[in-house]
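K.L.:
Sharing a structure, written as structure tokens. Questions coming.
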Amino acid sequence: MNDRPPCRISHMQSSEKRLVSEWTFSGALMVVCLVAAWQLSGAAYLGLHLPLIYGSDGIFTLSLIELAVRSHWFFSTELLGAPFGANLYDYPIPDSGSMLVLKVLGRTFGNPATALDLYYLIGFPLNAIAAYWVLRKLQISKVLSFAGGFIFTLLPFHFLRLHHLFYTWYFAAPMFVWFAKRIWDGELSFSLQRRAVKRTLFDALILLVLSCFGVYYAFFGVLCLLTAGIARSVQQKAIKAILPAVVAVAIVSFGIVANVSPNLIYRMQHGVNQEAAWRSPSEAEQYGLKIDQLLLPRPDHRYKPFARLTADYSTTFPLVNENAFASLGIIGSVGLLSLVIFVVAPTRRRAPEELLQFLASLTIVLVLFCTIGGFSGIFSLLVSPMIRAWNRVSVFIAFTSIAAVLLLIQRYLFAGERASLRIAAFCLALCAFALWDQTTTPSLTRLAKNKVEFNSDASFAHAIEQQVPAGSAIYQLPYVGFPEGSTLNRLEPYDLARPFLHTSALRWSFGGMKGRDGDLFFRYLALEPVARQIEVIRRIGFNGIYIDRRGYADNGASIEAELTRNLGVTPIVSPTGDQVFFALASRVAGTSQVDLSGMTAHQIMERAGYVVDKLGPRNNNSLSEGIDLGQTSLPRFLENVRGLSTREDWGRWSDANVFPDVELSFVRPLPARFTLHVRMQGYGPNIGKPSSIMVGQQTRTVIPGAEIREFALRFDNPTAARTIRIQPVLPRSPQQSGAGNDGRLLGVGIQKLWITTGDDPALESESGRYPAGA
């Protein structure tokens, strides 16, 4: 017998109907977005076995997926940077949420390309459903929220950012806006009382999850939370009203720190790598948000006059880069302008207006902070320059702007009107307009190129596997630094990772972390004559040489000719003709494997007979044999060199842009008494003027001429100084002298330095040599 009161039964039935209705709309929205994504992304043309992007940062993302699938996580591997191995600890990737999803997809389907494509496609319904539910929480009707979710997930940003795959999951934007709204209304408390503890834990968990999907979105979310908290505190005239915002920010910050904790630990153990992911505070201005670009159409708009307008802007005004992807579309632009009006116009204290005021406050703060010339520059200067691409806040502004448009439509077009065919027809038209305005048809030319190159690389990698023994190390040229290397002619920064994606039993030289030992080894080795390179790599077990012709101005003709002459073999060529491979050992005949296991990077270099560090290749010169700055190598007795420009055939110029003086630091103290011999010349106003040379507390003066001259200077060194400092009188650039565009601040040109001591002949022979590894 059912003894529940009829009114309660009726209420429960009504709640169930509402819930079913909400899930029906949500399910329909996800399906519609997935179908749209399938068509608009080009997946319908390529299928899921080929990657939607196969170039630029897309190769890097595919490599990350491959690393995560093959091992426990993506931080390190022995298959790249061989034989030193590679790791990403110097390059923070605070996207553990995205990487976990990609790892699961990669493991499930066994193909990084499929994982990448599915991740991208899933982002469309994910962004839409997050927007839908938050819009519903903002009291916007189901039909209008459906349209809002569809418009939001089809932002131009979603398509133009494919190469930055992680940013296409921007569902965090509406979620952070919803947390900010709860703080604004005083509904978020983080109470630990018995009745509220489950809600508190749930909120904390959601914030932690959001912090795992990119530091940019987490940081912009923090701005939203703080804005709402400060506004609430001012409204209530109570400082404690900001506490929920502070707690929420602390949870997000904890999540960010947890994401990068492996990187921080590695940095403490191995020191800071200045070359990896170095950022300048000025980049906050370079990659900042531009309000014009929020309002302009997408660069490749379907309507050609709109596309030309954006093109004219991009070619006329400075600082146009990835911020060109920030377009809100026409609907979002109307919303943004509406919010600006609500900031400057008086408002009444009614529900829709209060919501618009909230959205306007968030939007204005985000724009003021992230725009070029905004507060982001001060933040980058005083706090950290690691956040540099502030234009990526556009998805937050897009959501608040779309929400504003929907609120205005609901308030002024359909006030008090329930779901009807009229509203449905209007929303359908709105979605159709967004589809026309914010998207384009996929580029079949680009997709066909992806397909050809992917299949060519797979075929060529398989051919290489047939040429050499399993487990072979392959030397790759030209040298390209990793990550964020430079484009060489037609070779993009991550193109040398392509063969890694298609092989499982070969090791590749590309991929060692820029600035670490393995990278320095290959950086300087690539500058040596071809015969020397072959000699070195053979000593440490390399069995082949992979050449990407696109990295050479002559399409690789010169280096291929040298390799053919030195090796006496004919290379195999890839189907596209862009790559060639020279085998150093036959798979049939086999090869004696070089066992480098357990060796340090320095020991591997010793085995190769080629030792380098941050100063370049090293030699075993003694102090009396000296430092020849015209050579590619420097003696091991030098610990550091500062203030010199790049090497030229005759020597090196001092460059005050690098360091004010020339500073040569030695591993050990200089002799107690010695004669310093220097061959040098002056530049411009330094010719015929005294330059100072200092050791410890002693200073000697030389007067360099316009040609190389030799000076011999006697020094006493009672303080066991380890540094020689050379100080030109007036560094000046050729540009300042009207002699070209060379901006180096030149003072003196140094050809060679060496040290003799008549009191201790042994110093000039064996005791002057530093032991290996010094």
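Backbone N, Cα and C define each Cβ position, glycine as well.
In TrEMBL, annotation is done automatically, which means it is predicted and not curated.
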K.L.:
From the ranges 141-160, 521-540, pick the one that TrEMBL records as transmembrane segment.
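P.N.:
Feature transmembrane segment in TrEMBL: residues 141-160.
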K.L.:
Could you tell me the mean pLDDT over the domain 'DUF7024' (624-756), as a whole number?
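P.N.:
Averaged over the domain 'DUF7024' (624-756), the predicted model reaches a pLDDT of 93.
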K.L.:
Please work out which recorded stretch in 118-135, 141-160, 204-226, 238-258, 358-383 has the most C-beta pairs separated by under 8 angstroms from the transmembrane segment (324-346)?
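P.N.:
Top-ranked stretch among 118-135, 141-160, 204-226, 238-258, 358-383: 141-160.
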K.L.:
Between the transmembrane segment (141-160) and the transmembrane segment (421-436), are there three or more CB pairs that fall under 8 A, provided the residues in each pair are separated by 6 or more in sequence?
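P.N.:
These two segments touch.
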K.L.:
How about long-range neighbours of the transmembrane segment (141-160): same chain, 6 or more residues beyond its ends, C-beta under 8 Å?
P.N.:
21-22, 25, 28-29, 32-33, 36, 40-41, 123-125, 127-133, 135, 167-168, 170, 174, 298-299, 324-329, 331-332, 394-395, 398-399, 402-403, 406, 409-410, 414, 419, 423-424, 427, 430-431, 434-435, 438-440
K.L.:
Are there residues at least six beyond either end of the transmembrane segment (389-409) with Cβ under 8 Å to its Cβ atoms? List them, or say none.
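P.N.:
Same-chain contacts beyond the ends: 131, 134-135, 138, 140, 144-145, 147-148, 151-152, 155, 157, 167, 170, 173-174, 176-177, 216-217, 220, 224, 283-284, 287-290, 293-294, 322-323, 325-329, 331-336, 338-339, 342, 352, 355-356, 359-360, 362-363, 366-367, 369-371, 374, 376, 426.
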K.L.:
Are there residues at least 6 beyond the ends of the transmembrane segment (204-226) whose Cβ is under 8 Å from a Cβ of it, and what are they?
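P.N.:
That would be 92, 94-98, 166-167, 169-173, 175-177, 179-180, 183, 190, 245, 248-249, 251-256, 258-260, 362, 365-366, 369-370, 386-387, 389, 392-393, 395-396.
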